[in-house]
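Summarising the annotation, Swiss-Prot assigns substrate binding site to 12, 34, 61-70, 116, 177, 186, 207 and lists sequence analysis as the type of evidence. The active site, proton donor annotation in Swiss-Prot covers 63, and the record cites sequence analysis as its basis.
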């Protein structure tokens, strides 16, 4: 798996037109895209199908959570769309239902542990009596037990999460900020180099590429940083 298969560019733009322009600009440099609520509700599901049909990989970031049957029905339909990854909140019953529904489809299910925009104060306000680190590890273990394909977590937790998950499950890390970039609304961030060194398998980068004056140049800079982490020049 090379760097292009590990870098996921978040299409965090409000319209299909802007998404199409960005994909065209990035060209063959980018293979993998994340599509979330903003674009889905602007007609993004059909766009996601079209991208997948063109050979791109799609991470559908829907963070599903509902009763078992509803989750299973949704996952069955998404599995038919040719998506590569799908998120749901890492609640055990929902994860087990999703795993059963996606069996044999090739869809990689990812459990969302704790949003990278949340810190201990945010969790306490929401009624959780655990710090982000402890909750991430607990949900990672629950995802492994449910048979999920991987989890989404901050790169700051990736090393310990890898110990929980073992060598084969995916660790997808948002909140990635290239060296020298602004953190935005993310509270638990890491550079591409450090995230891969910590054990992440896939990195989600949106704003530093999408909002860059030259998105293709920004994407190549991230890819180069990833290559340096995986294949250091002096080795």
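Just so it is clear, glycine is given a Cβ too, placed from its N, Cα and C backbone atoms.
Taking the Cβ of residue 61 (substrate binding site) as reference, residues of its chain lying under 8 Å away and at least six apart in sequence are, in sequence order, 10, 34, 35, 36, 37, 87. Cβ environment of residue 65 (substrate binding site): 71, 88, 89, 91, 94 lie under 8 Å away, each six or more residues apart in the same chain. Taking each of the binding-site residues 69, 116 in turn and counting other Cβ atoms within 10 Å of its Cβ gives the largest count for 116. Residue 63 (substrate binding site) has a Cβ environment of 17 other Cβ atoms inside 10 Å. The 10 Å shell around the Cβ of residue 67 (substrate binding site) contains 10 further Cβ atoms across the protein chains shown. The DSSP secondary structure for residue 116 (substrate binding site) is coil.
DSSP assigns residue 12 (substrate binding site) to coil, not to a helix or a strand. Sequence-distant contacts of residue 12 (substrate binding site), defined as residues of its own chain at least six apart whose C-beta falls under 8 angstroms from its C-beta, comprise 36, 38, 39, 206, 207, 210.
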